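What follows is a set of notes on a single structure, which appears directly below.
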């Protein structure tokens with residue numbers, strides 16, 4: 001049948017670019033996680049715990065997977081927010097009053113994440129200076145200049161807020177660019193941020209669409225944030241296609257889809273937030289002092305709790321269709337790709353009569369079938385939870401490539417992909433989607449554009 005199965009990413013498949021240009025492809029690596037600084041901190045904390053264990057501190061002799069970095073208070077007398085290495089077994093399942101914990105996004109902003117500190121019986125080591133330095137270094141590597149500009153716009157207008165494209169107050173309010181109070185966001189919920197090409201992709205720090213008092217703490221600034229993003233110079237020339245990367249700078253592709261060069265380095269990052277002072281306490285105890293420059297929860301000025309919707313007059317660079325209902329159709333031409341962003345337990349897709357696939361999140365698999373073949377090939381999908389992004393690309397002579405990026409139960413990102421060399425598909429096929437769920441969006445782009453770029 002000429003089928004070949006690869007775990008890879010879409011652009012190298014269709015353009016023949018080697019994996020070394022994009023990083024090693026695997027289930028554990030997926031673009032735009034927005035969690036790389038947090039992963040750096042977790043890894044450093046695991047090293048610190050191992051060092052403390054070797055030095056004789058037995059309570060830190062625990063499996064490395066239990067050690068994480070969190071910005072939080074400590075035991076009873078440690079009342080300031082500092083970076084600490086926690087044994088997750090000592091954390092509470094939920095926070096109460098002022099014992100919440102925070103994780104960090106790739107622009108250095110702390111956002112509430114699951115868990116709470118047991119003030120009387122916490123097993124942690126405070127390493128504020130070491131971890132704060134890693135945050136500063138990580139911002140230069142991973143913070144998109146476009147997202148930094150959007151954050152600066154929000155912070156200048158409403159001090160203490162950051163930019164996200166997410167939900168507002170209640171589930172019926174449409175997704176839009178807003179300036180959010182950080183304490184009102186959830187690190188475990190994905191929103192959209194600006195990539196280092198100016199397109200949007202997923203990042204931590206979103207809203208569930210609930211109707212609590214915290215859900216009121218934002219300002220809708222669609223036009224202003226879009227203008228802030230648009231004010232950043234493109235890293236690629238007008239004749240090149242910008243390919244976002246997790247780490248700055250992005251890649252620039254020529255008209256044939258080959259890498260022509262690496263995009264220009266990121267501009268100096270705006271002072272989006274005051275970094276916590278580089279201080280740490282002794283692990284054995286002692287009264288913790290509150291550093292003067294330590295970041296505390298910020299609140300919007302002028303009363304907060306105000307939603308000022310504004311309609312954007314700036315056209316989107318990538319046309320996007322918001323789907324109303326549980327199904328939709330689109331035409332896929334040779335040299336194009338369809339990207340569907342959805343939250344659903346099961347998605348059925350038919351590419352004309354030449355190819356079909358099923359993404360089943362309940363049973364954890366992506367299966368596909370080509371032409372008249374009655375048997376399905378299956379690709380494992382590990383612990384899927386959602387949201388998910390499905391990209392289908394049609395190359396030369398019916399070459400079909402499919403990539404499914406999804407959120408896992410542990411809030412990490414997963415990816416599954418396959419390629420059919422000779423699918424039997426023509427140069428133009430109608431693609432139908434069934435079971436897309438509510439709030440799905442569909443975008444048609446040319447090959448070479450970011451698979452997750454669902455809007456400008």
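Just so you know, glycine gets a Cβ as well, placed from its N, Cα and C.
Taken from Swiss-Prot, the feature disulfide bond covers 45-85 (among others), and the record attributes it to experimental evidence. For residue 85 (disulfide bond), the same-chain residues lying six or more positions away in sequence with a CB closer than 8 A to its CB are 45, 46, 48, 49, 67, 68, 69, 124, 125, 126, 127, 131.
Taken from Swiss-Prot, the feature disulfide bond applies to 53-61 (among others), supported by experimental evidence. In the structure as shown, the Cβ atom of residue 61 (disulfide bond) sits within 10 Å of 12 other Cβ atoms.
What Swiss-Prot records for 103-113 (among others) is disulfide bond, and it gives experimental evidence as the kind of evidence. Sequence-distant contacts of residue 103 (disulfide bond), defined by Cβ-Cβ distance under 8 angstroms and a gap of at least six in the same chain, are 35, 38, 70, 71, 110, 111, 112, 113, 187, 204.
Look at Swiss-Prot and you will find 107-143 (among others) tagged as disulfide bond. Around the Cβ of residue 107 (disulfide bond), 27 further Cβ atoms fall within 10 Å across all displayed protein chains.
Here Swiss-Prot flags 154-179 (among others) as disulfide bond. In the three-state DSSP scheme, residue 179 (disulfide bond) falls into the strand class.
The annotation disulfide bond is assigned in Swiss-Prot to 193-203 (among others). DSSP classifies residue 203 (disulfide bond) as strand under the three-state reduction.
Under DSSP, residue 197 (disulfide bond) is assigned to coil, being neither helix nor strand in the three-state scheme. According to Swiss-Prot, the feature disulfide bond maps to 197-242 (among others).
Under the heading disulfide bond, Swiss-Prot lists 236-252 (among others), citing experimental evidence as support. The 10 Å shell around the Cβ of residue 252 (disulfide bond) contains 21 further Cβ atoms across the protein chains shown. In the three-state DSSP scheme, residue 252 (disulfide bond) falls into the strand class.
What Swiss-Prot records for 354-425 (among others) is disulfide bond, and it gives experimental evidence as the kind of evidence. The Cβ of residue 354 (disulfide bond) lies under 8 Å from the Cβ of 370, 371, 398, 423, 424, 425, 426, 429, each of which sits 6+ residues away along the same chain.
What Swiss-Prot lists as region 'MAR domain' is 17-262.
The average pLDDT the prediction assigns to the region 'Interaction with host sialylated oligosaccharide chains' (216-220) is 95. Annotation comment: Swiss-Prot describes 216-220 as region 'Interaction with host sialylated oligosaccharide chains'.
Annotated region 'Galectin-like' per Swiss-Prot: 320-456, in sequence order, evidence recorded as an author's statement.
Annotated signal peptide per Swiss-Prot: 1-16, in sequence order.
The most densely surrounded of the disulfide-bonded residues 179, 236, 242, judged by C-beta neighbours within 10 angstroms, is 179.
The separation of residue 143 (disulfide bond) from residue 193 (disulfide bond), Cα to Cα, is 10 Å. Every protein chain considered, the tally of other Cβ atoms within 10 Å of the Cβ of residue 197 (disulfide bond) stands at 26.
Here the candidates are the disulfide-bonded residues 53, 143, 154, 203, 236, and by Cα distance the one nearest residue 197 (disulfide bond) turns out to be 236.
Cβ contacts within 10 Å of residue 53 (disulfide bond), excluding its own Cβ and spanning all protein chains shown: 14.
Between the alpha carbons (Cα) of residue 236 (disulfide bond) and residue 242 (disulfide bond) lies a span of roughly 6 Å. Least packed by the Cβ count within 10 Å, out of the disulfide-bonded residues 113, 143, 154, 193, 203, is 113. For the disulfide-bonded residues 107, 154, 252, a Cα-Cα cutoff of 10 angstroms around residue 242 (disulfide bond) retains 252.
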